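**Student:** Feature annotation from TrEMBL assigns DNA-binding region to A:15-54. Taken from TrEMBL, the feature domain 'CoA-binding' covers A:78-179. Taken from TrEMBL, the feature NAD(+) binding site covers A:GLY89, A:ALA90, A:GLY91, A:ASN92, A:MET93, A:GLY94.
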Number of protein chains: 2
Amino acid sequence: MEKKVSGSVINRLPRYYRHLTDLYESGTERISSKELSRRMGVTASQIRQDLNCFGGFGQQGYGYNVEALRAEIANILGLNRGYTAVLVGAGNMGRTFVTNTKFESRGFKLIGVFDNSPEVIGRRIRNFEILDYAQIGRFIKDNRPKMAILTVPKHAMKSVAEDLISMGITAFMNFSYAELEETDGIIVENVHLSDSLMRLSYKISVSEDNSKAREN
Amino acid sequence: MEKKVSGSVINRLPRYYRHLTDLYESGTERISSKELSRRMGVTASQIRQDLNCFGGFGQQGYGYNVEALRAEIANILGLNRGYTAVLVGAGNMGRTFVTNTKFESRGFKLIGVFDNSPEVIGRRIRNFEILDYAQIGRFIKDNRPKMAILTVPKHAMKSVAEDLISMGITAFMNFSYAELEETDGIIVENVHLSDSLMRLSYKISVSEDNSKAREN
């Protein structure tokens, strides 16, 4: 299938995938756009419009085939391509991410966890022994991971990223509070938890102002 | 100032705020839209368009006043309103979030951390003693926090959210893998780390397909 889907649809696809996975795992075979819209809190027409991009999964009055639609979205997102990943930085954030994230069902297989602190090297997170960052060059050469997750401190991010790029890594998920730029041939997803706090602060302040305006 | 700013500009504001904070902390007084665009990886015209919404902070050939622009964005985001927050769920994610996040500079003052597990109640994260979730009703009555951060397991999220709503909490930052719906009067920011993984998977697969296409 041609991958010609708009950016905003792509941004919504992971959410569709999560909801369809919940439905699939609870044994639901079909769902109407109306019911899916209720669950997801978006309009049914938005859903029909989004999912129309992917061909004939919905039929008037019949709904979507949950399993087929989920499989197609997984396919578009590349979740079944078996990309491998290493994680650098086994601090709090790294540990949380390794422990809580269903990597395998989100497109990646985690194959190595690295840190440079003698205090944590050799310890375990889930089934991973934390390896010495000094050895990552060898590991990357041997295992050719596709992607690196950076959960290192802000000040270390740039130099770690440069190291890894020179070793052939071309995709990054970056959790450190500094931003990694997406340059030629390098794919980046920066995650900023504090941006979500700020957006929430904005929403609260708008709602506060609105209710004050109503009182007057 | 009237808060009439489009949703997509609002989504970019936290990012402007982060970059302006870095600049401010490094002592930069003025920055051109060209230089800011280079740092942020967006076009200078996008920046001028976004920041025009907030009045006259930029002058042709003179650049933006970093401190004034940063203060205005903080003001729009409500970061100086001193909202208070409690966190429920002192597991890995909760600990990470309390440890790593600069709450105070992101609009919130964390005033309490709660869990229901006897094993963690009484322990400390940063300067917070973890309190018994059974006591949260009393705490909310006495301290009237504005917002709750949910870092509880997926299966517990709904009931915790309902509890807290009944106790008067109207804003949530939700990290659990289930989605909390934004209903009447309830403000929600859902954070899904695995969505970022899926978006990254998508970007990698597109770039893979493109380079294969170029080879043919």
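Note: Cβ is positioned from N, Cα and C throughout, glycine not excepted.
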**Student:** Treating G and I as helix alongside H, and B as strand alongside E, what does DSSP give for the DNA-binding region (A:15-54) in helix, strand and coil?
**Tutor:** 28 helix, 2 strand, 10 coil
**Student:** Could you put numbers on the helix, strand and coil content of the domain 'CoA-binding' (A:78-179), residue by residue per DSSP?
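**Tutor:** Split into helix, strand and coil, the domain 'CoA-binding' (A:78-179) gives 37 helix, 29 strand, 36 coil.
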**Student:** Across all the protein chains here, work out how many other Cβ atoms are within 10 Å of the Cβ of A:MET93 (NAD(+) binding site).
**Tutor:** 27
**Student:** Mind pulling out which binding-site residues among A:GLY89, A:ALA90, A:ASN92, A:GLY94 sit under 8 Å from chain B, Cβ to Cβ?
**Tutor:** A:ASN92
